[in-house]
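*Asks:* Feature annotation from TrEMBL assigns region 'Disordered' to 1-22. Under the heading compositional bias 'Low complexity', TrEMBL lists 1-10. Residues annotated as compositional bias 'Basic and acidic residues' in TrEMBL: 11-21. The transmembrane segment annotation in TrEMBL covers 105-129, 136-154, 166-189, 210-229, 235-253.
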Amino acid sequence: MSAESGSDSSEPSRYDARAERLTSTGLTGDAGRRLVDSPSLALPFLLAALVAAGVDLLRLRIPVPVRTTTYGFETGVDIQASLYPTVLSRTTTSLNAIVDLKLQYLALVVGVELVAGLAAVVAGAVVIARVIGGGLSAVALARYAAFVVFLWLVPELTLSGGAAVVGLPLFVGATYVTVRLFVIPAYLVQGDGFRAAAQRSWVATSGRGWSVFGVLLLLGLGYTLLAAVPVVGPVLSSAVFGTLHAVVLGLFVERVAAQAAETDSGASATAGPNAANL
């Protein structure tokens, strides 16, 4: 009796240790250490970022209007928070720009966008799958790609001036949903369908919302700060923080599953003596 109680009081359980590392700083810190221990994890995002840089150059050569993004602090800090590991670009082609394009230019623009998008999708799925430790099926990759495309089609929420006050409830609601659906990419890579992934993400983030919000904030600031480096900023930002984002997703799913298994085994161990006493 005394030995057991002494053990419980002097040494934290595996469950407690894992729960502690589900904080925002614990997850991002462990993701950074995983990246330092296995630098090859950054290779998919480095390649995807180089592809994106090449696509930027192609966009500027194609006679189609593009929007140029300047990463810096002249107009404030733009936090690049995203529901999936992102590869940053300096240029984007608006949908309005491709209306009434000649067929050869339309095919070129669509092809360029597909190459950049596919590189980012494959990089995210490969790194998440590697961290989780499972394989990556073609169906899972297709679902993950569809999820990313859906998010591309959702308009960004930008609030400034008077709109910032009026739209604040909308911003809070969008942030809440983003937090609760944070783990969808990892569950899609594991092989879940869209509905199952959304449900599991909602459950997994329950009670951990502030930790997830902190992770999004840290990653978003990291994306922005490193992207501001002249010339190579977007490539560095994508290679480092795109990888960290994917690793965090894998670690989150891994640790939530470990906690659930620990809880189940503890409940079974408690039920055993009670059943024997009956």
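Cβ coordinates are placed from backbone N, Cα and C, and glycine is handled just like the others.
Source: prediction; values computed, not measured.
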*Asks:* By Cβ distance under 8 Å, which residues at least 6 away from the ends of the transmembrane segment (235-253) in the same chain are close to it?
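*Replies:* Residues 22, 27-28, 30-32, 34-35, 41-42, 44-46, 48-50, 52-53, 71, 82, 84-88, 120, 123-124, 127-132, 182-183, 185-187, 190, 204, 215, 219, 222-224, 226-227, 229.
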*Asks:* Under 8 Å between C-beta atoms and at least six residues away from its ends: which parts of the chain pack against the transmembrane segment (136-154)?
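*Replies:* Here the qualifying positions are 82-84, 117-118, 120-122, 124-126, 129, 184-185, 188-191, 193-194, 197.
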*Asks:* Can you tell me which parts of the same chain pack against the transmembrane segment (166-189), counting only residues 6+ beyond its ends and a CB-CB cutoff under 8 A?
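*Replies:* Non-local partners: 81, 83-85, 124-125, 128-129, 132, 134, 136, 140-141, 143-144, 147, 157, 159, 196-198, 200-202, 204-206, 209, 212-213, 215-216, 249-250, 252-253, 256.
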